[in-house]
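The next block holds one structure in the form of structure tokens; read it before the comments.
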């Protein structure tokens, strides 16, 4: 109950944020050779809290703890922090090896991402990003392949151009930007984000106008087509994830509504004060005036009063709603994502059909 409670996760998230803020303040003060006197004591407090959290989660999860990625991640960070503290106390802060070990504390900043589970909209973005990892890897692979092709082509048409090498301005660009295949590919990555690329291609095109074909193809393929394609794929993955999440929420809502069946039956019995087996609008209105209507009932039915709910359930306008009509009507409202007027139309058509069958 403690581990699954919302307040426990929020409390740990606040501790993570405080620890992350302290690390940031220490890093800023270290630039001026300053420090916080109580930082070490605060560090022991944070480690104690993290240790208690790990112990509690280990008791609850038991062997399943080692199949939980967050638990293993937190455990590794805790052990590295404890090792860093032990080595620091035994050898002193001046040791260079200790400074390298203390950098492991920075990985604790990653734990800050745990708190975004409490913010549903942000968690959806992060979860969608994690689910699109395969797409991201494929995009980077395709991008690297395209950059390699254009890099090799750039070495052939740019780096070995005598006219460009003879001009001091373009010769400097070739030496600085197109001196090797790796440097050329790094230069072409600027075309991915269109980051100050005019300073690269304009002098070259002025000297050799035929290079406009090379840079036009480069911009069309990398800057426009490839980046828009990656964006489209990521958006499609995000929409697919949103659709699946909506379907899952609908399933949970259906399960919740089915569990409400006994409550619906009890509600009918409570409203049917005269035990006649059917409800009239006066009974519904009286039940509402007495303040006995569950608040969630009107909200889930999207009505403002019990009288309005009665008119929605009384499809044949007989002035009476029996038990079956009451239960079936509420379940239709709760379980189906269909407007009320559509449900009423379908039921009216069914009643007309039944009446025609009887007359025949």
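The backbone N, Cα and C atoms fix where each Cβ goes, and this holds for glycine too.
Per TrEMBL, the feature domain 'EF-hand' maps to 301-336.
Summarising the annotation, TrEMBL assigns transmembrane segment to 7-24 (among others).
Sequence-distant contacts of the transmembrane segment (44-63) (same chain, at least 6 residues past either end, Cβ-Cβ under 8 Å): 2-3, 12, 15, 18-19, 22, 71, 74-75, 77-78, 81-82, 85. If you look up TrEMBL, you'll see 44-63 (among others) marked as transmembrane segment.
If one looks beyond the transmembrane segment (137-158) by at least 6 residues along the same chain, the residues whose Cβ comes under 8 Å of a Cβ in the stretch are 164, 174, 178, 181, 184-185, 188-189, 192, 204, 211, 214, 217-218, 221-222, 226, 230, 233. The transmembrane segment feature in TrEMBL is assigned to 137-158 (among others).
Taken from TrEMBL, the feature transmembrane segment covers 178-204 (among others). For the transmembrane segment (178-204), the list of distant contacts is 143, 147-148, 150-152, 154-155, 158-159, 164, 169-170, 211, 215, 218-219, 222-223, 227: same-chain residues at least six beyond its ends, Cβ to Cβ under 8 Å.
Taken from TrEMBL, the feature transmembrane segment covers 211-235 (among others).
Mean pLDDT of the predicted structure over the domain 'EF-hand' (301-336): 72.
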